[in-house]
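Following: one structure in structure tokens, then a few remarks.
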Amino acid sequence: MPHPIVQEHAEIGLIGLGTMGRNLALNIAENGYRIAVFNRTAQRTDQFVAKAGDLAERLVPSRTIEEFVASIKPPRAIILMVPAGEAVDAQIQVLRPLLDPEDLIIDAGNANYHDTNRRAATALSGGPHFMGIGVSGGEQGARFGPSIMAGGDRSAFARVQPLLEAISAKFENVPCAAWLGEAGAGHLVKTVHNGIEYADMQMIAEVYGIMRDGLKLDNSAVADVFDGWNQGVLQSYLIEISAEVSRTRDPDTGRPMLDVILDRAGQKGTGRWTAIEALMLGTPAGTIEAAVGARGMSARLEERKAGEAVFGSAPRPIAQGLLGPEVLEPALLAGKILCYAQGFDLISAAARQYGWAMPVPEIARVWRAGCIIRSALLNDMASALEEQPGRNLILAPFFADTLRRSEDGLRKTVAMATLHGLPVPALSAALSYFDIMRTGRSTANIIQGQRDFFGAHGFERTDMPGDSFHGPWAIA
Ligand SMILES: NC(=O)C1=CN([C@@H]2O[C@H](COP(=O)(O)OP(=O)(O)OC[C@H]3O[C@@H](n4cnc5c(N)ncnc54)[C@H](OP(=O)(O)O)[C@@H]3O)[C@@H](O)[C@H]2O)C=CC1
Ligand SMILES: O=C(CO)[C@H](O)[C@H](O)COP(=O)(O)O
């Protein structure tokens, strides 16, 4: 359809000036691009431009969607930064009649990748082009350099690659932005990133619980422990902010922030999507599933209080000398490796299922800076995944060695916590994953026996080939 001539076109457009969108827009402007911006509530656009300082001259605000589309240079690229689900579909519906087939819509929110697959398939029949990209790093990351996980048509990505690389975080000057596969691949990777984020955070919370309720450390001592760990092998954004959160005081009451924050964790769905996907693809991701479950249980505040009234409070102090931060550190390290192994395995399973490229070492590289799960270990993970594609991370010599050295810490932590009523669902799921993954002869033989007994499902034998033997069970 014809568009009015605009004097100075924007090079890209962005819809949704919320927490992420407005920071991403400023980041794009700061990198020298003229960017058209539009928000459902026009007042927010006005406020945004008014506060943009010198960058305002690179912003092209619009009050109507038609004006917005017309202000972007064709072929247009438009980033959506709105909540996942209906809002994305609604925006696409509004945009489609205004766009040309060669234009490109980029959903940069946390979409369910099945939705992205559907939208990408619809785009194939007549355009505009569609891409789903995962963006991680929160508010700060969006403003100063997020990690960008792109999925969709590779030639469409090539059009926006220079911009995405320019605005992304850099690890040793390498942009943390890459094309990771077709259709919903980028959003699948972002979802698994968030699943790992849930597990990482839950394991830190479990160790915090051991320090607070088992070792009776106060908040500032806990902060010191996190700070110390952040200088070593656990160096990561999440450990760094855990130290800061533990040390900060409430300006209103002067009390430690951790003492005034209610123990009920929110969730927007990406952790749950990861767990669902792991189950759907038949990939073990017990640590992530346990973390999602623990978030759900955290919300059951009243039930937990009722349980405490009936059974008494679970946590009991751990006697001096039985467990300390020097044991918790390797426990977290082992838990982290095991949970990342599950995440990468899940991504590989999705790649096989959909026939997507999904270069797993590249995914680890994109996570090295900018994103919430960034950590020193990710560089080693990228190298290990590169060494032998398809191999489970725990079998890579570097991580096998690290696990051998940290296993004892994880086992001792889980055992001691369990004996003292300190819940460690994610750490114990990580340990179980490790133990199962190193058990050559498991106990599934009895499950096969049971299945055959009650349903004649058949089993394989250890002593001869064939896949459908039956036992001599008599039907009553
Ligand atoms: N916050 C974070 O740390 C991160 C968020 N994300 C993802 O980024 C996306 C945006 O999140 P965030 O910026 O935090 O969200 P906010 O709630 O801060 O902003 C949402 C934006 O979307 C607009 N919007 C909401 N509903 C609609 C709709 N139905 N139609 C059109 N516009 C709508 C809002 O407009 P209005 O002003 O009119 O309400 C607002 O501009 C989400 O998918 C989120 O999961 C990804 C990484 C990190
Ligand atoms: O994507 C993110 C970071 O990468 C968001 O911060 C994430 O949505 C937070 O998830 P939840 O609200 O479920 O804890």
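Quick reminder: no glycine exception, Cβ is built from N, Cα and C everywhere.
Just so you know, TrEMBL annotations are computer predictions that nobody has curated.
Feature annotation from TrEMBL assigns NADP(+) binding site to Gly16, Leu17, Gly18, Thr19, Met20, Gly21, Asn39, Arg40, Thr41, Val82, Pro83, Ala84, Asn110. The number of other CB atoms found within 10 A of the CB of Asn39 (NADP(+) binding site), across every protein chain shown, is 25.
Taken residue by residue with DSSP, Asn110 (NADP(+) binding site) is part of neither helix nor strand, so it is coil. According to TrEMBL, the substrate binding site annotation covers Asn110, Ser136, Gly137, Gly138, His193, Asn194, Tyr198, Lys268, Arg295, Arg451, His457.
The domain '6-phosphogluconate dehydrogenase C-terminal' annotation in TrEMBL covers 186-474. Confidence for the domain '6-phosphogluconate dehydrogenase C-terminal' (186-474), expressed as mean pLDDT, is 97.
Lys190 (active site, proton donor) has a Cβ environment of 32 other Cβ atoms inside 10 Å. DSSP assigns Lys190 (active site, proton donor) to a helix in the three-state reduction. The feature active site, proton donor is assigned by TrEMBL to Lys190 (among others).
A 10 Å cutoff on Cβ-Cβ distances gives Glu197 (active site, proton donor) a total of 21 other Cβ atoms nearby, all chains included. DSSP gives Glu197 (active site, proton donor) a helix state. Per TrEMBL, active site, proton donor is recorded for Glu197 (among others).
In terms of C-alpha distance, the listed recorded positions Gly18, Asn39, Thr41, Lys190 place Lys190 closest to Tyr198 (substrate binding site). For the substrate site, whose annotated binding residues are Asn110, Ser136, Gly137, Gly138, His193, Asn194, Tyr198, Lys268, Arg295, Arg451, His457, the maximal Cα to Cα separation is 49 Å. When the recorded positions Gly18, Met20, Asn39, Lys190 are checked against ligand 1, Gly18, Met20, Asn39 have a Cβ within less than 6 Å of one of its atoms. When Cβ atoms from all protein chains are considered, those within 10 Å of Gly18 (NADP(+) binding site) total 16, not counting its own. Residues Asn110, taken from the binding-site residues Pro83, Asn110, Gly137, His457, are distinguished by a CB atom under 6 angstroms from ligand 2. A 10 Å cutoff on Cβ-Cβ distances gives Gly16 (NADP(+) binding site) a total of 25 other Cβ atoms nearby, all chains included.
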